[in-house]
Amino acid sequence: MNIVFLGPPGAGKGTYAKELKEILGIPHISTGDMFREEISAKSELGRKVEDILKRGELVPDDLTNVIVKERLSKPDCKKGFILDGYPRTVAQAKALDEILKKLGRELKFAIYFEVSEDVVVKRISNRRICKNCGKIYNLITLPPKINGKCDVCGGELYQREDDREEVVRRRYKVYMDNTYPVIEYYRKSNKLFTVDGSMDVDSVIKEVLNIIRR
């Protein structure tokens, strides 16, 4: 059961993947986690990735593809995986097809969490984080008991720079410009399934399970 999760920042991909990996018994793999693992392992690939990220640049496709191939070759992926944050481009989608072909597998589902720009802005721009313990709040869906203070440690809550409305709108536009063609790529191959990402978490999980278990 090989699955790709697609959707703009704030669509909830990571949240859904964490729930579904427990239900389905397959790993949740994100590009961010893969990069961090390589860096922690101090591998040659990890050193290259670390240098690129320190310069504030995007990790190029060829390097990302190698890391993805290595991760998907591990034993825990034999029964399947949920891939989150990759592919971001049509070139990466084609590379993933080749990687899976060499492993004797194929992608079964590309699940697109459709969320409007306004919903994404509302979700992300209302996010607040504790400066002390890192607990995450949302002023609308998960507000602190005392405004501006962490429920756990009493630390001050702050808004990340890239969570500001104007930045979120820019990130949404970048996603739609660069990654939306991937959605069309999977639509043409009849692997795309669209889920309303503005629903509550339980409803989204139920819908994804309905798609997978049809």
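Numbers run from 1 along the shown chain.
Just so you know, glycine gets a Cβ as well, placed from its N, Cα and C.
Record check: Swiss-Prot places Gly10, Ala11, Gly12, Lys13, Gly14, Thr15, Ile136, Tyr137, Met199 at the ATP site, and the matching candidate among Arg127, Arg187 is Arg127. Of all ranges given (30-59, 60-89), Swiss-Prot attaches the label region 'NMP' to 30-59. Outside the region 'NMP' (30-59), and at least 6 residues removed from its termini, the chain residues within Cβ reach (under 8 Å) are 14, 17, 66-68, 70-71, 83-86.
Predicted-model confidence for the region 'LID' (126-163) is 93, expressed as mean pLDDT. Checking the binding-site residues (Gly10, Gly12, Val59, Tyr86, Tyr137) against Cys130 (Zn(2+) binding site) with a 10 Å Cα-Cα cut-off leaves Tyr137. Ranking the binding-site residues Gly12, Gly14 by how many other Cβ atoms lie within 10 angstroms of each Cβ puts Gly14 at the bottom.
Of the listed binding-site residues Tyr86, Tyr137, the Cβ environment within 10 Å is emptiest of other Cβ atoms at Tyr137.
In the region 'NMP' (30-59), the DSSP tally of helix, strand and coil residues is 21 helix, 1 strand, 8 coil.
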